[in-house]
Amino acid sequence: MSASVSTVARRPRAGRRPPNPAPRRRRSRAELFGRLVPYLLLAPAVAFFVTVMLVPMGKAVQVSLYEWSPIPGAENTFLGAGNYTRAFGDAEFGRSVINAVVYMLVTVPGQIVLGLFLALLLNNRLPGRTLFRVLFYLPVVTSWVVVSLLFRYLFANDGALNWLLVEALGVSQEPVGWLDSRWTAMVTLCALGIWKGVGWTAVILLAGLQGVPAEQQEAAAVDGAGYLRRLWHVTLPALRRTLLFVTILLGIGGLQAFIQVLLLTDGGPAGQTEMPLTYVYKQAFDFLDFGYGSALAVLMTAAVLIVSITQTAFFNRLDRGVQ
């Protein structure tokens, strides 16, 4: 029997088609767009920052090198570092810097201590706790103009506080000139700064307190630690970073005191309560010495940066030491 072999003609394989480049191209475009999206989202903020901050700062540095005239077309005399040399020899500017340092050293600890006390108080379940939070925070959202004029009325020679001391309580025979001497006026400014900002400090510290693990507090209580020991060894270490944040912002704000000084004392009496920003403002806009005012503004900007960097480095080192 003969085997018949049937041969089936096989179709020749069709050649493979080259891969379609369209999906890869679409993928590369999508990846490129995904990489560009963060920069596109940041572009408006960067443009705003450059326009509002960097360009004016660069212009201020330029103006600080000249005896600058605000009159269009007037000749501006190049002084180089002359305005900066003048600033370092200016006794009134030096006194304003001392006032700012005193103001900062009083208001920053005052706001932190009182704010921590209020935060610890509000962290408990008290009746009317929400109402107290609103009342403590009310000065924060009130305009500096309003609270400054309010304190000016309270501490005036014929104001409410002197009426209370002389007429109502009979504690003093004569009205106290709160705004008539340097140190009583500084006390008034510090009181205003603490009262205005303590609510903000309390809210920030209260948020930090609510992040402290309850287990640590309970374990310390079981070990026999009293309230003060728990506060010192458990609560405050847990608030290190919050306290760092609050201290830096309050320190910067203390160096930038302006509206309250301008409206409450106007730098008086006789410039004794002048602050750096009010002194800069008067040099530039009262005496039209824009070159010198710009030099002072540049120096103050550098001082704020140095203080901020120093505070951050100090607290970071302290934080690493504690850990």
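Every residue number used here counts from 1 along the chain in the order it is shown.
Note that Cβ sites are derived from N, Cα and C of the backbone, with glycine treated the same way.
Over in TrEMBL, the protein carries these features:
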type	residues	note
DOMAIN	97-311	domain 'ABC transmembrane type-1'
REGION	1-26	region 'Disordered'
TRANSMEM	32-55	transmembrane segment
TRANSMEM	100-122	transmembrane segment
TRANSMEM	134-155	transmembrane segment
TRANSMEM	183-207	transmembrane segment
TRANSMEM	243-263	transmembrane segment
TRANSMEM	290-315	transmembrane segment
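Using a Cβ-Cβ cut-off under 8 Å and counting only residues 6 or more beyond its ends in the same chain, the transmembrane segment (32-55) has no close neighbours at all.
Sequence-remote contacts of a segment are chain residues at least 6 beyond its ends whose Cβ falls under 8 Å from one of its Cβ atoms, and for the transmembrane segment (243-263) they are 100, 103-104, 107-108, 111-112, 115, 144-145, 147-149, 151-152, 189, 192-193, 196-197, 201, 204-205, 208, 236, 273-278, 281, 300, 303-304, 307-308, 311-312, 315-316, 319.
Within the same chain, residues 99, 102-103, 106-107, 110-112, 114-116, 118-119, 122-123, 133, 136-140, 142, 144, 147-148, 151, 155, 176-177, 239, 242-243, 245-246, 250, 253-254, 257, 260-261, 264-265, 268-269, 272-273 sit at least 6 positions outside the transmembrane segment (183-207) and bring their C-beta atoms closer than 8 Å to a C-beta of that stretch.
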